[in-house]
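S.K.: Okay, handing you the structure first.
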Amino acid sequence: MFFLHVRKYKHVIGGLLCLAGCFVISSCSSGRGNKSIDERIHILSMNRMIYDCVSRITGDRVKNIVLIDGSIDPHSYEMVKGDEDRMAISQLIFCNGLGLEHSASLRKHLEGNSKVIDLGARLLDKNCFVLLSEDGFPDPHIWTDMGVWISXVKEMASVLVQQIPQYAEEFQKNAEQILSEMEDLDRWAVRSLATIPEKNRYLVTGHNAFSYFTRRYLSSDEERESGNWKLRCMSPEGLSPEAQISIRDIMRVVEYICANDVGVVFLEDTLNQDALRKIVSCSKSGQKIRLAKSPLYSDNVCDNYFNTFQHNVRTITEELGGTVLE
């Protein structure tokens, strides 16, 4: 009786077996497709300022990953679940260096790691820029000076061409394109920020992230030579926005604002705004001062690194009374 039922429904059974076979084939094909994607070389960039440049150089030839993204403060970032795996699968790890990635968990995985490309250290070794420091600590914010970051992109391209030679010609061509755009942006920034009246070229921000920017774009040749360019910028917090701000810090900035007749202070996108609001409210009677209409981006990006640089230049130029040139 059982075999009679089997014969009766054998066409149904055959159909089910055929369908199952299709699923198996489909699954295998899908697996092969995913495997192909996963087999691409993985490149890990520690932040978006690096990632956006590496991605432009490599295109889709590699799998690009960014570790610290969004509004997260890179100064205080501690590794989370999955970060160790991202580092393990990556052939190259680009970091900014100069003390930016200074948390204990990051140092543990970066220091002594043969896959790590420390951009700051490499540029210093090649005398690509003059290092700034505060209280004995190096200033890591080199990406705010497009002229310095051009050297970093050259270093990224050099490493990528050497490590992934099968795409060397393509990477070099992409790098030349991006470097040309960056040189145009640098010249544009110099010309636009030069339209700011000299008496207005004072930059007050949330933390000390714009020293390289100030030295490059808001100072005269004489000020850069003498070191007096440092008088062009001020902030209540140091290089890393982690420490508590004291009343003394606030009053120091207030005195600076009054001494230089500063009319506007700039918030930063990821920082607590209370300190600068207190500074504005503490300003002496008769000192007209306000918060800028738009925040600056220091340790993160708005859309991408290149648009962020343009945003900062436009915002500072317009707020300080200059004219943004096209």
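Cβ atoms are placed via backbone N, Cα and C, with glycine included.
Source: prediction; values computed, not measured.
Okay, these came from Swiss-Prot:
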SIGNAL    1-21  signal peptide
BINDING   His75, His141, His207, Asp299  Fe(2+) binding site
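Map the listed features onto the structure and describe their local environment.
M.R.: Under DSSP, His75 (Fe(2+) binding site) is assigned to coil, being neither helix nor strand in the three-state scheme.
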S.K.: Which has the fewest other CB atoms in a 10 Å radius around its CB: His75, His141, His207, the listed binding-site residues?
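M.R.: Each of the binding-site residues His75, His141, His207 was scored by Cβ atoms within 10 Å; lowest is His75.
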S.K.: May I ask you to report the DSSP-based helix, strand or coil state of His207 (Fe(2+) binding site)?
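M.R.: The three-state answer is strand.
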